[in-house]
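Q: Right, I'll just put the structure down here and ask away after.
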Amino acid sequence: MAIYKEEAIVLSNEKLSEGVYSIVLKTKDIAKEAIAGQFISVYCNDSSRILPRPISLCEIDKKENTIRVVFRTVGKGTNEFAKYEPNTKVTVLGPLGNGYDLSKQYDNVLVIGGGIGIPPMLQLAKNIQGKKQIVVGYRSKNDMFLYEELQKEAEVFVATDDGSYQTNGTVIDAIKENKLKADAVMACGPMPMLKALKEYCQKNEMDCFISLEERMACGIGACLGCVTKTKKKDHHSKVHNARICTEGPVFDAREVEI
Amino acid sequence: MAIYKEEAIVLSNEKLSEGVYSIVLKTKDIAKEAIAGQFISVYCNDSSRILPRPISLCEIDKKENTIRVVFRTVGKGTNEFAKYEPNTKVTVLGPLGNGYDLSKQYDNVLVIGGGIGIPPMLQLAKNIQGKKQIVVGYRSKNDMFLYEELQKEAEVFVATDDGSYQTNGTVIDAIKENKLKADAVMACGPMPMLKALKEYCQKNEMDCFISLEERMACGIGACLGCVTKTKKKDHHSKVHNARICTEGPVFDAREVEI
Amino acid sequence: MNTCVNFCGINFKNPVITASGTFGSGQEYSQFVDLNRLGGVVTKGVANLPWKGNPTPRVAEVYGGMLNAVGLQNPGIDTFCKRDIPFLQNYDTNIIVNVCGHTTEEYLEVVERLASENVDMLEINISCPNVKEGGIAFGQDPKAVFDITQQIKKIAKQPIIMKLSPNVTDIKEMAKAAEAGGADAVSLINTITGMKIDINRRSFVLANKTGGMSGPAIHPVAVRMVYETASAVNIPIIGMGGIVNYEDAIEMILAGASLVSVGTANFMDPQSTIKIVEGIEDYMRRYNVSDIKELVGAVHER
Amino acid sequence: MNTCVNFCGINFKNPVITASGTFGSGQEYSQFVDLNRLGGVVTKGVANLPWKGNPTPRVAEVYGGMLNAVGLQNPGIDTFCKRDIPFLQNYDTNIIVNVCGHTTEEYLEVVERLASENVDMLEINISCPNVKEGGIAFGQDPKAVFDITQQIKKIAKQPIIMKLSPNVTDIKEMAKAAEAGGADAVSLINTITGMKIDINRRSFVLANKTGGMSGPAIHPVAVRMVYETASAVNIPIIGMGGIVNYEDAIEMILAGASLVSVGTANFMDPQSTIKIVEGIEDYMRRYNVSDIKELVGAVHER
Ligand SMILES: Cc1cc2nc3c(=O)[nH]c(=O)nc-3n(C[C@H](O)[C@H](O)[C@H](O)COP(=O)(O)OP(=O)(O)OC[C@H]3O[C@@H](n4cnc5c(N)ncnc54)[C@H](O)[C@@H]3O)c2cc1C
Ligand SMILES: Cc1cc2nc3c(=O)[nH]c(=O)nc-3n(C[C@H](O)[C@H](O)[C@H](O)COP(=O)(O)OP(=O)(O)OC[C@H]3O[C@@H](n4cnc5c(N)ncnc54)[C@H](O)[C@@H]3O)c2cc1C
Ligand SMILES: Cc1cc2nc3c(=O)[nH]c(=O)nc-3n(C[C@H](O)[C@H](O)[C@H](O)COP(=O)(O)O)c2cc1C
Ligand SMILES: Cc1cc2nc3c(=O)[nH]c(=O)nc-3n(C[C@H](O)[C@H](O)[C@H](O)COP(=O)(O)O)c2cc1C
Ligand code: FES
Ligand code: FES
């Protein structure tokens, strides 16, 4: 799968909720090649920040050749991005990583996102052909970015940290409360959520695919900055250390030691 | 004299000739206080470049509260400035330095600028009340930025390095060729020109005020980065090292050892 | 909320002080910041006699930082005592005089002269990379650090801070030598020696060839060295090197610094020091830190 | 116009090579750059056995640079010989293998194993700040540098380059020790030890606490050290540290480097290496430099 370095153009930048922004980028080749669960590395225009920021693809429009990213402002890079006006040029590398493997057919898939792990679930939900349900965890009712858009793809169950909307608690609580059944989970979100899902799926004998995060430098597998412990010796590292940017970010939960 | 740190706003940015740009900035207080021969320190918006760039005031409009700077792109900072669009915000410090002292009346003043030392001469020419003539040195005919504007202030004599316009040679050659006489010279330009002028004025018993350049860090007299050797022990350094940013940039040529 | 720091028995209203050589004696920056709001002002290095410093160019910008080779130009202790100390005494802030010399005797002469002056502390610069004799030569060998510290300590009337150079294999050794010599505190880091070459002229950008690097680019090295030093000595530490905002200052404090010096940041924004004071206060409020002491050296593993 | 460099008897088509650990074994970046256009590829450090490296986070960004504490994760010499060398042999470029170890014996084992392999040079990493044993411990003491150089030289079949640490008081001493031990060349600088603290969690950003700093922020220190080293030894130098464009590369060459390694720049722009090759060519044309040799160490006073 080819990786492109491109100068993408900001088509729009919209604030979705407090600190959460949505940028649509016009690309040359990236949109054509990308699949759900992959990410791009976004370079900052300010040159004191030298490393690109990994951001998941939230939507991929192959006709318009655009991609959409949704991100939370947490530091200098994302705060820079949040200020981009339409027509700003942004250097990006992508598509990166493996993405979700949709070749296996499941009876029902739970598409699960937590917090800023929700964005990639939108494109994923669009691409899953079979039966699916969506479970998302937000901080609170007024933080529910992308909710309406997800609802267009499937039934959506919500958990909120403060109980201000639907289930009070985690996505696991929402699954239990709504008695959701499925044979596979595809998820992205904070580590505690992924750990809980891994355990839940193991107990309930469900397949579980999770997207991991780690600090990255190269984004393409050369620096060994972004590894995660794996059960098996992987072909590349020989030391149970798979590269999240290359062998991941999506892993079969059974294969990683998180 | 007060110094202000302001967020100025780019009103216009115009290319005058190859690599020479003219930016007009809306200021809050700087224009009100500034006099000819002073400069501002312009901070880069890119944060990998930490030091401000000293740039002379080319025009000061006290009614509109604007200042104009004209600069040549020579490195990263000036190349950044050249790209500024109207409405760009720029942090500036100023007005800095002493400026030309116009309290003494002369019968005739030669206002002399060489290359990128020409811009401050425009405001200076405007401010000199008595008789004056302007002598400027350009690289060549197609590099004659600000020429028409200077002509509005006084008669202008031109020297070009390649002889493509008027006198072939230096501003000294132009003075000699045109047999210009005056009792004072006020000048800004490259060091060889200033040295030649110092010598010429000494021989011809003319007062000579020259604006010097040196690499700066603070721009306000604190770092001792920008000194020039002086004949007398100055009150501040006690070691014949005047600060160009504070005691200068304009010096009586007799007082500096260049 | 208490931002006061008791440093070697002297009370600082907050941990923010200036870095020697970047703030003159406060006069120039007093147009931009109220000196009364700073914990202290550290003056430009002063010697027994006037020094003319190095030829120009003395400063150059580098990626995320700058080089300087000012070479400790200063008007000498006499002018300093007549002009700079009285100016600073107009303010309610601590006065720390940075002392330099070519030889031990020259350092001692300045320290002696300052004994009767109304200054709060002395910072002894044994780490200037820009002078041929003295300066850094004293700061790269633990034996030399020990000796000069001991000699100065014998005659100093004010608490002394030994200012250490980062251009060493092991900063801990130097700090320990200063402590053993009787230093009341150490400050670090001075600049890291660097060089810039003009590729068009194929010549050195600085007349001195090399210069001391400062600014945000050196911050991670400074944090590491302050952390290492804190683990090696029991005397308190002034941390500096690339502090440009309150985040950097807090980082330095968490690494083990009781006070922080702000240097090159003044050139980047003349109001940096005050913004850092305010940022630290906000941080303490946000995290309910009732006494800044709680933050000193408080970094821990994940 | 000749951009070829004869380095220890080996011909490099141009002076641009990669920096160990930033370019894998070339495979990943071969999507962005034609490896045939590089003077050489320096591989990630390889040990006698697989190393699993440090826990994550292993990398962090800092102002104008980055910290890494990868800890020399590598698949071991066997996999390396089977997979990485054959891959690189598909290209018309020099292969320089970076060698690491915890003990002298481990270094020797790798060097011995490589004797029969088709690689052009060995770069011996005695300057990694991110491993507990070995690495930098060998590179901060001239006696240790001399010893390990001598032992490796005895058995090495390829020319050896000793890679030096900048975390020392005097780089000249280390370079001289390497030369005395028989090194064919030295390369410098490895990373400068730094630290980053997360002020919100009050914890170290890197699991390893400290990391090696690289990128444009360290360039002036690297230029200075290459210049100092060039004045101290007669063996040729590979210069590196913060080279991100052709200007930086020319600066390093003028300071005294015969070859230049490009590291962190690859992360900033995967096409950096090629752009630097092209920039050097343009520079030579612009200034009528007929042989790149003319530029090596050609910096002079104003
Ligand atoms: C595969 C992948 C996909 C991601 N997708 C998204 C997404 O769709 N939306 C979103 O908001 N965030 C996403 N993140 C997290 C995002 O990369 C970080 O929030 C972002 O890099 C922070 O940059 P900053 O400059 O604002 O923060 P700073 O803290 O200033 O960044 C400093 C450095 O740390 C790195 N860093 C900081 N936090 C993280 C983090 N959590 N993960 C990785 N690197 C980090 C930065 O990239 C940068 O190099 C993703 C991370 C990964 C690894
Ligand atoms: C008092 C004064 C007034 C000036 N007025 C003008 C003017 O009106 N128009 C104009 O075009 N130029 C003027 N200059 C020169 C101008 O400051 C430099 O051309 C500019 O700083 C170059 O910045 P750069 O980032 O493009 O170059 P770089 O070479 O990338 O700059 C790197 C560093 O070197 C400094 N530097 C580089 N060249 C000079 C220089 N010649 N003088 C001082 N510092 C330098 C920069 O400020 C910066 O800190 C003036 C200089 C001084 C001291
Ligand atoms: C222009 C300049 C002049 C300096 N002069 C001195 C000095 O006289 N004495 C001294 O001990 N340190 C001097 N320093 C070092 C600073 O005090 C400080 O240690 C160093 O710059 C690192 O801090 P910073 O990155 O915040 O500037 C000077 C630094 C600069 C940039
Ligand atoms: C992620 C990373 C991994 C590195 N791994 C190695 C290594 O395995 N062996 C080695 O000798 N140097 C290693 N280095 C150091 C680089 O080769 C180089 O010396 C240093 O980064 C300075 O150059 P730069 O600023 O161009 O990156 C590594 C550097 C980085 C950033
Ligand atoms: S980020 Fe470099 S290997 Fe993954
Ligand atoms: S630039 Fe600092 S004293 Fe002039």
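From the backbone N, Cα and C atoms, a Cβ is placed for every residue, glycine too.
Whatever TrEMBL says is automated annotation, not expert-curated.
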Q: Pick from B:Cys58, B:Cys188, B:Cys245: which one does TrEMBL list with B:Cys218, B:Cys223, B:Cys226 for the same [2Fe-2S] cluster site?
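A: Looking at B:Cys58, B:Cys188, B:Cys245, the one TrEMBL places in the [2Fe-2S] cluster site next to B:Cys218, B:Cys223, B:Cys226 is B:Cys245.
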Q: What is the Cβ neighbour count of B:Arg72 (FAD binding site) at a 10 Å cut-off, with all protein chains included?
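A: The Cβ of B:Arg72 (FAD binding site) has 18 Cβ neighbours within 10 Å.
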Q: For B:Cys226 ([2Fe-2S] cluster binding site) and B:Arg72 (FAD binding site), determine the Cα separation and express it in whole Å.
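A: Each residue's Cα considered, B:Cys226 ([2Fe-2S] cluster binding site) and B:Arg72 (FAD binding site) end up 21 Å apart.
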Q: Which chain neighbours of the FAD site, leaving out B:Arg53, B:Pro54, B:Ile55, B:Ser56, B:Val70, B:Phe71, B:Arg72, B:Gly77, B:Thr78, have a Cβ atom within 8 Å of the mean position of the site's Cβ atoms?
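A: Close Cβ neighbours, site residues excluded: B:Val42, B:Val69, B:Phe81, B:Ile116.
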Q: Which binding-site residues of B:Ile55, B:Thr78, B:Cys218, B:Cys223, B:Cys245 contact ligand 2 in the sense of C-beta under 6 Å?
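A: Near the molecule: B:Ile55, B:Thr78.
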Q: Out of the binding-site residues B:Cys218, B:Cys223, B:Cys245, give me the one sitting nearest to B:Ile55 (FAD binding site) by CA distance.
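A: Checking each of B:Cys218, B:Cys223, B:Cys245 against B:Ile55 (FAD binding site), the shortest Cα distance is to B:Cys245.
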Q: Out of B:Cys218, B:Cys223, B:Cys245, the binding-site residues in the record, which is closest to B:Val70 (FAD binding site) when you go by Cα distance?
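A: Nearest candidate: B:Cys245.
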Q: With DSSP assignments reduced to helix, strand and coil, which class does B:Thr78 (FAD binding site) get?
A: helix
Q: If you draw a 10 Å sphere on the Cβ of B:Ile55 (FAD binding site), how many other Cβ atoms land inside?
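A: Counting Cβ neighbours of B:Ile55 (FAD binding site) within 10 Å gives 24.
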Q: Ten-angstrom check, please: count other Cβ atoms within 10 Å of the Cβ of B:Cys245 ([2Fe-2S] cluster binding site), all chains counted.
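A: There are 27 such Cβ atoms around B:Cys245 ([2Fe-2S] cluster binding site).
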Q: Can you give me the Cα-Cα distance between B:Arg72 (FAD binding site) and B:Cys245 ([2Fe-2S] cluster binding site) in Å, rounded to a whole number?
A: 20
